[in-house]
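The feature domain 'Kinesin motor' is assigned by Swiss-Prot to 8-318. The ATP binding site annotation in Swiss-Prot covers Gly94, Ala95, Arg96, Asn97, Ser98, Gly99, Lys100, Thr101.
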Amino acid sequence: MTSHGRKVVRVVARVKPSTDLASTKSISVQKPMGDDSETVTISFGAQFAGSKDSYRLDYCYEENETTGSILTKEIKPLISTVFEGKDANVIAHGARNSGKTHLIQGNERELGLAVLTMSEMLSMAEERGDAIFVSVYEVSQETVYDLLDQEKRVVSVLEGAQGKIQLKGLSQVPVKSLSEFQNLYFGFKKSQKLTSDLPTRSHKGVMIHVTTGNANSGSLGRMNFLDMAGYEDSRKQNSALGPLEIARVNKSIYALQNVMYALNANESHVPYRESKLTRMLKDCLKGSNITLLITCLPREFSQDSFYMLNLASRICLGGNRAITNPTKKKINGLDRSVSLSSAAQRRQTPLTMSAASRKQTVLRGNVTERKTKINTATSAIKARKLFGEANDSVKCKNSSKKVEGKAKMVLKKGISTSKVVLSVQASSPKEEICSSITVTDFQSSLVEEEYSLAFSSSTVAMEPGYSNGASLSSEAIYTTDKETPRKQEEMFAGATHCDDAFVDKAQIVERDENNSVIEEDLTLVIDEGENLDKENNSLLANETASPPLSMRLQELSNNLKSICKFSNQLSVPEKHQTPLTILQAEEASEHSDITAEAAVSIELRTPEKTMPSNIGCSPWKTYSAHSSKLKNSAVGEYLKFINTAGKEDLKKLKGIGDKRAAYIVELREESPFKTLDDLQSIGLSAKQVNGLLKKEIGEIF
């Protein structure tokens, strides 16, 4: 098998010989190098809708080539591997009436592949002094029957501790001559015709065991011949079988196709458990064992045959992909880490002007009120530390998405707003971030994306100026609407984390490694409606005699520390759950000079519904609610333990042995267990999973 020894599954086609020479041939086979071609191309007439131009397989035996040529080129190399201790498989599949049974079994006049192979194996066993035993089985409706037993007993497919498949109840009959094998093989066919009352379709197989002497000695290898049931479209109305039985047969065919593709593509997971047939042949298919998949095609092409040829070509292409990338399975984890690191680098890359402009949000509409603009020169908001290293703005993006939801909710509730335009520009010449956010009236049409804010009525404009990138000056300009009286405004200097809260006015100055000064100004207005003249006079007086810059920076730092430490969680009454709420802050720490009346914060976030202790004023409802919360907590801790514990710790759980623990460790590397239903992938049913969890929780009490 030098030409195709690297492939686990070799996919070939066989065109069924036709006795009617006058019938037209619809299949065309292209062999670039004749009989020595490593791949061939099969095409057919254009009368089949939805078909591709051609299909590529490893080889195709045309109708003028005999069964002996298949034996010489394909089967004999497999026989030598069986006597070397490996398993080999010959599987014939295709549509109905495509010649599968005749190819494998043959008849008394024209021998099939199974009989011809047995003749070769008997002669080799006689030379080597080995013994041969035969098992004949049938798989019908996900049940395995022993055809050499007179009562056709059911064969149990069991899996041992080491993962080895055991076929309990499958008899092995010694065979010393070809006539004995023919009597066994064709004898069960005659008895089957007598006992079958209703038309049934099943998969039939012959398993030839090679042992060193007798059945009790060590087994060398096995040769399997499998005659698959014919594929048939379940939508056909003229079928003698019911649609349920056709669906079951097709399901087992699909399961075998998936296993063949996974083996040929060298995938890490092979779905042996999808059907009883693939689970039964697991030991014969896995590892370095070789499989010959023969796709039988009739001379007169049908839609069912076209579909089976399409599946066979898919399996063949999977083998070519595995040969092209032989180390894919080994470096899968490395590829995953490289992709994660590259994704992290993309997240840490600062936004450029073009990238930020794509994030702009514009809410267009007809505005009837006076338009007011807020121009704020700032950089991207930094996270957590006031004088720390510059961090990326990924966290701010999540907060902005939350703000967008709140703003849209406010607009839907009919809150009249002025048009607000927020322009953000970076202070450093190397960074230019410009995003505009526009909010219109409730009557305007809402259109697009992210960072949209909704503020009520009047606004405040901050215009900071810079001197040599190190000095800071700010001037507050207060504007009011003509229709309303002058409104009171409270200033509160501070800064917040982008995921925690928004403060009325926050000015944060940071020096990065390039000695660039970044100022963050976040302005928001709280309307009170009284004592405006006195407050404005006092504010102007404070501005004329402002303290030194260092003292102001120290005060801002202390304010930020106190806010981050003592900020309260948002609590909203059930009758008035709005996204905009004003919280009176608790008294700050001893480092803060701001009173509780001035510490007013507005937090834009969805209110969390807390679970009251008197749900519906019913003790039973209260108990049920707390029980549900306790159950969810227990399930979460159990899944967390499954995803993080080592193999030895997993074995301490009830019902988890060495094999299941190893399987859990293997599966969670690909994808962690998120729900209890995911534990069914290790071979547990939903009832068994619930039983394991009950045992673990029951030991607490």
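If you go along the chain as it appears here, the first residue is 1 and each next one adds 1.
Using N, Cα and C of the backbone, Cβ positions are placed for all residues, glycine too.
Features as recorded by Swiss-Prot, highlighted on the structure.
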residue	record	contacts (Cβ under 8 Å, 6+ apart)
Gly94	ATP binding site	Lys100, Met228, Gly230, Tyr231, Thr295, Cys296, Leu297, Ser305, Met308
Ala95	ATP binding site	Gly230, Tyr231, Glu232, Cys296, Pro298, Ser302, Asp304, Ser305, Tyr307, Met308
Arg96	ATP binding site	Gly230, Tyr231, Glu232, Asp304
Asn97	ATP binding site	Gly230, Pro298
Ser98	ATP binding site	Lys16, Gly230, Cys296, Leu297, Pro298, Ser305, Met308
Gly99	ATP binding site	Arg14, Lys16, Pro17, Cys296, Pro298
Thr101	ATP binding site	Asp227
Determine the Cβ neighbour count for Lys100 (ATP binding site): the number of other Cβ atoms within 10 Å of its Cβ.
-> 25
DSSP three-state assignment (helix, strand or coil) for Gly94 (ATP binding site) | strand
Give the sequence-ordered set of same-chain residues, not counting Gly94, Ala95, Arg96, Asn97, Ser98, Gly99, Lys100, Thr101, with Cβ within 8 Å of the centre of the Cβ atoms defining the ATP site.
-> Lys16, Gly230, Cys296, Pro298
Take every residue in the domain 'Kinesin motor' (8-318), average their pLDDT values, and give the whole-number result.
-> 85
Based on DSSP, name the secondary structure state of Gly99 (ATP binding site): helix, strand or coil.
-> coil
